[in-house]
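> The structure's right below; bear with me while I get my questions together.
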């Protein structure tokens, strides 16, 4: 017998609260993307402020200031990104487990609060010396990553448990699509801040004034604003009815909580007769996480979710970092351009890419996810991503290394489109649907943490591939060819795994994965 409150959730019509939940749950993903994509222009500003060619200035003390600028080393950029990713992996594991043990709502505000405070702390990175600034920035970005990581499993579990069966995929995808808005917001904020500081500066147009040290800090701190605005609403959210009924085994409270947020008559969600728990509700599930019984029932699903997330993050984060090698073809990092203009141009480049490929990819997924299914979209995305990387990578040494133009950018944009209309979104959705309520948040956290390990590997691999040739300043074409072809092969690996091992969840109730007959006996 299926509980009436759960059947009502599966059949509930789309209501205003569903869209409110998308905004509330999506702010963590919004902040994640904001903080990731504001780093490239910020690194340009930091390079102009803290990286000066002191060797040249010693040789010629009268040399104009603008000729002494250097750029932030790729190793520093990759390290800062990797530190945040490591924090994200830790947050996914810790908060994912807490979400199942203490409840989604009880720890949901904690992860958001950590994001807000860490974003502000990044802007207040102590000291004015280069090493001290970078170390403190790295520390606070690690804490920011922990908060962001905690938001992944909690947001996915909450949205999946509030949604109905028919449009559940679209709602979870809509939460994840907030990343696209976060990317766009980071670019807009960066452009606005840089333009304001540039206009108000009294320094020569070719120099980067001291106030630029405030500009990059302000950009980072602005990422805390959207998350802070949703903190109250997040704290007011009730616990999900599925968690209350199936994990806490309080069916009456589940019906009361559902009635608070969804316009459903109580007669449709309240049980007709009392429910007796037999035996009394255990403090722990009938079989523990990662036990033989768990692995027999859910081991393949957990492996699939973790492995596909690992593979797509290797590719996705490598592609993001590849942008820095494309910038110099369209954005000349000359010393006669001040840091404000340079950061503005990088942010504008990111905004154009987000509008033309990244954001459309998210919303095409929202439209099709409950029409053609998760597995087909994931396979389609992996296939076209592989084709794009082969098209870029195989002829890179002989053609693209000297001809990065419209053709290259069109293919590069397609890689982002099919990443989001593909595995980057579906790997977020699958763990929220494949596992029982008592393991849902934990398993999502495990899969996401494994994915972030792949992201760290991708950033390290990118650092190897992007090492410049001594004379030209361009990335070594042989290394780039190898790296891009490897990314294509990784995508084919994801395609094969999806085809043979991934289960489709479209149209299925979340309770198809619940084994609660051993714990609940319904007495009439």
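Glycine is treated like the rest: Cβ placed from N, Cα and C.
Automated prediction, rather than curation, is the source of TrEMBL annotations.
TrEMBL lists these features:
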DOMAIN    21-506  domain 'Major facilitator superfamily (MFS) profile'
TRANSMEM  21-43  transmembrane segment
TRANSMEM  75-95  transmembrane segment
TRANSMEM  107-126  transmembrane segment
TRANSMEM  138-158  transmembrane segment
TRANSMEM  170-194  transmembrane segment
TRANSMEM  214-233  transmembrane segment
TRANSMEM  300-319  transmembrane segment
TRANSMEM  349-368  transmembrane segment
TRANSMEM  380-398  transmembrane segment
TRANSMEM  404-422  transmembrane segment
TRANSMEM  443-466  transmembrane segment
TRANSMEM  478-501  transmembrane segment
> For the transmembrane segment (404-422) against the transmembrane segment (75-95), do we get 3 or more Cβ-Cβ pairs below 8 Å once near-sequence pairs (under 6 apart) are dropped?
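These two stretches do not touch.
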> Taking pairs 6 or more apart in sequence, does the count of Cβ pairs under 8 Å between the transmembrane segment (443-466) and the transmembrane segment (21-43) hit 3 or more?
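Counting Cβ pairs under 8 Å (6 or more apart in sequence), the transmembrane segment (443-466) does not reach the transmembrane segment (21-43), since there are fewer than 3.
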> Residues sitting near the transmembrane segment (75-95): Cβ under 8 Å, six or more positions beyond its termini, same chain?
32, 35-36, 39-40, 43, 107, 110-111, 134, 137-138, 141-154, 317, 321, 324, 441, 444-446, 448-449, 452-453, 455-456, 459-460, 462-463
> Cβ under 8 Å to the transmembrane segment (170-194), counting only same-chain residues 6 or more beyond its ends: which ones?
18, 21-23, 25-27, 29-38, 41-42, 155-156, 159-160, 162-163, 215, 218-219, 222-223, 226, 340-341, 343-344, 346-348, 350-351, 354-355, 358-359, 361-363, 365-367, 369-370, 420, 425, 428-429, 432-433
> At least three Cβ pairs under 8 Å linking the transmembrane segment (138-158) and the transmembrane segment (21-43), pairs spaced 6 or more in sequence?
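Contact criterion met.
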> Please average pLDDT over the domain 'Major facilitator superfamily (MFS) profile' (21-506) for the predicted structure.
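PLDDT averaged over the stretch: 86.
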